[in-house]
Amino acid sequence: MLTAFASCRITYSPAYTLVPTYECFNRCSYCNFRQDPGKSPWLELPDAERILKSLMGTGIREILILSGEVHPNSEKRTDWCDRLYELCELALGLGFLPHTNAGPLSFEEMARLKTVNVSMGLMVEQVTPTLLETVHRHAPSKVPGVRLQQLAWAGELKIPFTTGLLLGIGETPGDRQATLEAIGQIHQRWGHIQEVIIQPYRPGTHQSGEAPGLELKELPAEVARARAILPEAVALQVPPNLIEEPEILLACLEAGCRDLGGIGPTDEVNPDYPHLQVDRLKRILEPAGWELVERSPVYPQYHAGLSPRLRSHLIQAGYY
Ligand code: SF4
């Protein structure tokens, strides 16, 4: 029985993830995505075009451009940014809606990518600096101030933004609270955080080290904590493929989660945990009274603020 919230609608975005490169100069010990710089060939535009054309007419709307990071001082950085931009342009031209998450960007890089993305994202993960001595020891991009600066710049640039917490990487309950408060404060100033992902860390088969992980039964309480701290306008998301037990997924919804993120063929960040597809999710949700509905990668309250060009792409995709 539904108790806490009037709305019974749970949203998701039909999505496909394009990976420009898996190479990343950071080495987060829990990462199941990265490859060493120079070891991951970049996605070429003709290959991307072939993939995107194969998705036309399948119902996929969002193209998540998810990339490993090229060092800001690398001579390859400009080419990498150009590739991100070109992939977004390609996706737009074929009728898709790009959402880029490629790690920390300079203000200029972010401003340029804004012109070809309906929304963008970056996980804050956790704001405690103690993780820089453990799981983020070799991950300069995970300096908390760098991540919060990204959120602020996105606000300054009026980019509808997705961020989130990664839970179970060695943080304390107090750290989680501080991270939510920091996100909430930035949203209060700029009003651009459309959703916050409450993501449990789940171990995979490619990581180089270990993190404690989150007891999944703790997740509903973490959703409730986020709901209590963040403004109501900020949607909460959990990734259903990382929650094996339907009862826990339903408890997260009861606790205030209203979105299940991008649903597509592969979770590139968690390749050991295949996405639950829409039919399977409906079989879990509908008997409990929840209706699963599609959404665009930019939440409705931000549609009017998009550039005329991006708004026209949203209209063409049937979302406006
Ligand atoms: S988690 Fe992200 S930043 Fe860290 S190593 Fe993996 S791809 Fe790079």
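Note: Cβ is positioned from N, Cα and C throughout, glycine not excepted.
Look at TrEMBL and you will find CYS24, CYS28, CYS31 tagged as [4Fe-4S] cluster binding site. The domain 'Radical SAM core' annotation in TrEMBL covers 10-241.
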List of residues, in chain order, with Cβ under 8 A from that of CYS28 ([4Fe-4S] cluster binding site) and at least 6 apart: ARG34, VAL135, HIS136, HIS138, ALA139, LYS142
Residues flanking the [4Fe-4S] cluster site, with Cβ no more than 8 Å from the Cβ centroid of CYS24, CYS28, CYS31 and excluding those residues themselves: ASN26, ARG27, TYR30, PHE33, ARG34, GLY68, ALA139
Residues near CYS24 ([4Fe-4S] cluster binding site) in space but at least six apart in sequence (CB under 8 A): CYS31, PHE33, ARG34, GLN35, PRO37, GLY68, GLU69, GLY103
